[in-house]
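Read through the structure below, which is laid out as structure tokens, and then see the notes.
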Amino acid sequence: MAPPSARARYNANKADNQIPTKKPLKRRNGKKETSDVPAPTPAGTRNEKRYLHTNRFIRNSPDPNAPLPTNVPMMPGINTAFKTFVSARLCSAIWAYIADCDETFNYWEPLNYIINGHGLQTWEYSPQFGLRSYTYLLLQGVPGWIYQKIFNPSPLLIFYMVRCMLGFGCAVMERFIYKSICREFGIHVGRLWLIFQLFSVGMFVSSTALLPSSFSMYFGCSALAAWWTKQYSLSIFLTAISALLGWPFAALLSVPMVLDLLLYQRDWRTFLQWTLISLATIALPMIAIDTSYYGKLTFAPLNIVWYNVFTSHGPNIFGTEPLSYYIINGFLNFNIIWAMPIMLILELLILPGRFFSTLNFPRIISVSPFYLWLLVFFAQPHKEERFLFPVYPLISLCGAMTLDIYQRIFFRFKSLMFKLKEPSHYLDHSNVIAILVMVTSALLGLSRVFVLYRNYHAPMDLMLELNKFKVSPQYRAEETYNVCIGKDWHRYPGSFFFPANNFRLRFLKSEFRGMLPAYYTEGENATQVVHPYFNDQNQEHEHMYFDYEQCHFLIDFDEGKYTALEPSYTRRTKDWSIMKSLPFLIQEKSHRVLRAFYVPFLTDNHIKYGDFNLLKRKKPRRNGH
């Protein structure tokens with residue numbers, strides 16, 4: 001049974017949020033329980049509204065007869081929070097750059113193939129490996145495909161439509177989590193979480209990324225929110241969506257929920273029933289769709305787990321990073337909030353339990369999926385920023401919980417030191433701490449977002465220049481234009497940025513020695529063709545390289561370092577003219593802190609930019625290759 005203080009907090013939070021419950025509150029022994037909060041009455045006047053709000057506010061004083069606080073905290077309503085989430089995520093859809101080449105080549109390119117009939121294929125999509133699911137792509141691509149068939153828009157409009165759709169889906173997830181947090185952890189924690197989410201750089205980057213890890217963030221964290229409110233059936237189903245359609249490793253987040261359901265609740269029936277329902281409604285259609293695309297029986301989640309866990313080489317051939325990689329990335333994406341989860345685990349283990357009472361679970365249990373995730377992924381040699389995407393909302397939650405605890409501790413110390421005679425609520429004396437942390441975190445977040453756009457958005461802006469060529473007299477719709485790229489292949493934003501379907505990306509040989517993607521073959525059943533040049537060892541193949549003399553355009557970042565395979569194409573003035581040039585950060589020549597956060601009057605003096613160029617060949621070339 002939940003502690004009385006937790007039950008009081010729940011009832012007060014529920015009344016504050018105006019969230020009606022569909023069923024009467026029940027104890028675990030099945031007896032009905034009545035609320036100790038008066039039923040809300042119509043609030044006509046301003047004083048009546050204030051009375052209703054203060055009467056439901058939760059006290060935190062040793063004296064049970066303590067007066068209610070005079071400065072009642074403002075709590076954004078569910079719909080208000082949703083509107084702010086939508087606004088923030090649409091900003092991400094428009095201004096966030098593509099930070100991971102895996103997003104471009106493993107998801108945007110195959111999606112371009114589904115919608116526009118051409119795109120680059122990676123080895124993961126080869127039928128002999130089948131690591132990626134076309135079902136996941138179809139979920140994102142069907143709206144874009146319908147949009148393309150009805151209106152035949154520019155590919156760029158389809159790109160941003162899909163991004164906005166992802167941002168809206170993320171906002172729906174955050175609305176659901178915000179509602180659960182206010183019920184389970186309290187209004188103040190929910191309010192802090194809302195602010196941290198809105199100004200989180202990590203959420204700005206991940207919320208509209210076309211990646212399974214972002215998809216798993218949407219549904220995995222929603223599954224946790226359902227678990228916090230004891231909606232076990234919904235939690236199981238959302239977990240299945242997250243792990244099967246998204247990223248199979250995201251099932252790790254559901255381990256505490258499953259243990260609670262099986263060992264504590266002893267409800268095997270619900271677990272087995274909804275597991276079978278999930279397999280029937282998600283796994284079986286997924287297998288059917290992927291099998292039709294690959295031309296053989298394929299279950300992509302099993303294939304990717306097998307490759308990453310049970311093969312001799314696994315993902316480590318793509319690079320390994322030290323532990324500091326996640327620590328630094330965590331600070332860049334969440335600034336001071338990133339340190340709070342580390343302090344929270346110590347506080348939950350040391351401080352008295354009265355600091356942590358919630359409705360259904362001890363807080364250490366509620367946030368245990370986050371620490372389980374860190375324990376597993378921090379130990380992996382192969383580290384990537386997107387591997388932490390599924391727990392980004394939990395970082396904000398742990399930060400909000402930690403800040404709430406600090407405010408309570410501060411109030412306790414102040415009460416003992418100054419011997420407050422009149423009992424009062426802890427927020428009356430500690431709100432300045434919350435405001436200071438929220439303002440600092442928000443300013444650092446905005447500073448980081450501005451730097452990301454300013455320093456790394458050039459490749460996406462540069463591709464837009466090709467739209468001007470399409471409306472020029474030199475453009476011929478019947479010709480295929482080859483846009484070449486060398487060492488900067490990993491910064492290519494995707495074929496959706498081409499103005500028409502007669503533009504193709506071509507790779508020039510550089511110092512890179514790994515596996516590059518190749519175009520899907522033309523004709524029907526292209527997804528079923530097994531190509532001899534694909535391998536799972538990250539070994540390069542000459543088939544991927546293109547003849548330099550047949551390039552019509554060339555994308556090149558000039559940072560002042562040249563080799564025989566990576567020359568300065570800009571200096572070859574006989575062959576090329578600069579169509580567009582934009583600044584792009586040179587990390588090695590820039591201050592580590594001032595390139596990460598924008599500081600007025602200081603950053604500009606301590607960072608160095610190179611020229612990201614779009615070159616156009618002076619002498620027209622005919623199609624080749």
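Cβ coordinates come from backbone N, Cα and C, glycine included.
Automatic, uncurated: that is what TrEMBL annotation is.
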Range annotated as transmembrane segment in TrEMBL, from 271-289, 594-612: 271-289
Contact call for the transmembrane segment (432-453) and the transmembrane segment (157-178): at least 3 Cβ pairs under 8 Å, seq gap 6+: no
Distal contacts, the transmembrane segment (361-379) - CB-CB under 8 A, six or more residues away: 184-185, 224, 228, 252-257, 260, 323, 326, 341, 344-345, 348-349, 353, 387-388, 390-391, 394-395, 397-398, 401
Within-chain partners of the transmembrane segment (325-349) [C-beta distance under 8 Å, separation at least 6 from its ends]: 196, 200-202, 205, 355-356, 363-364, 367, 370-371, 377-378, 383, 385, 388, 392, 395-396, 398-399, 401-403, 405, 437, 440-441, 444-445, 448, 596
For the transmembrane segment (157-178), distant same-chain residues with Cβ under 8 A (at least six beyond the ends): 78, 81-82, 85-86, 88-90, 92-94, 108, 111, 115, 140-141, 143-144, 147-148, 190, 193-194, 197, 203, 207-210, 214, 217-219, 221-222, 224-225, 393, 494, 496-497
Remote residues contacting the transmembrane segment (271-289) - C-beta distance under 8 A, at least 6 residues beyond either end: 133-135, 138, 232-233, 236-237, 239-241, 244-245, 258, 261-262, 297-300
